[in-house]
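So that you can see what the record holds, here are the features copied from TrEMBL:
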type: TRANSMEM; residues: 30-54; note: transmembrane segment
type: DOMAIN; residues: 47-298; note: domain 'G-protein coupled receptors family 1 profile'
type: TRANSMEM; residues: 66-88; note: transmembrane segment
type: TRANSMEM; residues: 108-126; note: transmembrane segment
type: TRANSMEM; residues: 147-169; note: transmembrane segment
type: TRANSMEM; residues: 213-232; note: transmembrane segment
type: TRANSMEM; residues: 244-268; note: transmembrane segment
type: TRANSMEM; residues: 280-300; note: transmembrane segment
Amino acid sequence: MSSLRTVLNESLIIHPPGFYIIGFETFSYISVYIIFLAFVYVVTLVFNILLIYIIARNHCLHTPKFLAVVNLAVIDVILNTSTIPSMIKTFLFKANFVPFNLCLLQMFVYYACVILESYALAILAYDRLIAICFPLRHNSINTMRSMSCIVGLTWCYALGVITFSTVIMTRLSFCNSVRVFSYFCDYAPVFRLACNDYTLQASVASASSMVNLMGPFTFIILSYVSILVTVFRMKSVSSRMKALATCIEHLVLVAVFYLPLFSIFLMGLYVRSIDPDQRVLSLSLASCIPPCINSIVYSLKTKEIKTRALALVHRMKTSP
């Protein structure tokens with residue numbers, strides 16, 4: 001009987017109409033959290049769109065650095081749009097059912113953006129590395145053309161990886177539970193519901209996490225080691241401080257993105273009894289907060305952006 005079931009599971013692919021997202025069903029303060037998420041989403045949209053608008057409108061900001069900043073802002077808007085509106089809809093209308101194809105689409109968009117976010121931070125580290133370690137050759141090495149190629153390649157790579165990861169999900173059969181314990185159509189909680197072998201999907205998820213998070217993070221660490229070596233070779237203290245000051249906003253973004261993810265990963269390895277609601281809450285905060293903070297940091301810490309933002313506000317006040 002078991003061999004017959006195995007044959008059926010391998011030959012017959014059963015796709016359900018959809019999945020039920022149940023991540024916050026037992027969460028006590030869900031109404032307060034949803035209000036907080038709505039605020040986060042509004043801030044994400046306003047600041048990132050403002051950032052993109054200011055850079056697009058000012059030709060003097062059409063530089064490789066600000067192309068990388070725009071790339072990050074676009075990713076941030078898409079990332080939070082892929083999850084927060086659906087969480088708000090689920091709470092307001094008690095509609096936690098997600099059709100199968102829409103579930104795969106949400107999975108695709110979310111994970112593509114997480115990978116792109118990781119590489120976008122590495123691209124910004126590359127910009128700082130060239131500017132500080134090769135100041136005389138900065139304009140010839142880091143051109144708009146080269147930066148456009150780098151950004152374009154990361155998008156092609158990320159979309160390709162996630163396309164493969166999503167397509168192999170369609171080879172799974174779901175003949176038992178369709179209740180996903182997460183705040184969206186999360187990759188691992190979904191494939192674990194399958195009633196046939198999901199070894200390939202688990203392997204792809206693990207390999208992708210290691211390569212696409214640890215790879216860019218390692219590059220960022222090595223970049224800052226090179227930057228620090230160059231900075232401490234400078235004779236003038238003021239030159240050192242000026243060089244390091246240009247890295248502050250980027251270091252804040254790196255900390256905001258990677259530290260929560262690594263903390264959750266380490267807790268999963270070493271803390272055996274984690275409350276499921278607390279885990280889902282931590283994961284949702286780790287993915288929703290960075291896109292909100294990124295644009296605020298660049299708007300307030302980057303002199304060129306802050307100056308033009310204030311000028312734009314002043315123009316809006318004085319215009320009839």
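Each position is counted from 1, following the chain as shown.
Any Cβ shown, glycine's included, is placed from N, Cα and C.
In TrEMBL, annotation is done automatically, which means it is predicted and not curated.
Cβ atoms under 8 Å from those of the transmembrane segment (280-300) belong to residues 23-24, 27, 33, 37, 40-41, 43-44, 47-48, 50-51, 69, 72-73, 75-77, 79-80, 83-84, 87, 110, 114, 117, 181-183, 249, 252-253, 256-257, 260-261, 263-264, 267, 306, 309 of the same chain, restricted to positions at least 6 beyond its ends. Long-range neighbours of the transmembrane segment (108-126) within the same chain, counting only residues 6 or more positions beyond its ends whose Cβ lies under 8 Å from a Cβ of the stretch, are 65, 68-69, 71-72, 75-76, 78-79, 82-83, 142, 147, 150-151, 154-155, 157-159, 161-163, 165-166, 184-185, 187, 208, 212-213, 215-217, 219-220, 223-224, 250, 253-254, 257, 287, 290-291. Averaged across the domain 'G-protein coupled receptors family 1 profile' (47-298), pLDDT for the predicted model comes to 90.
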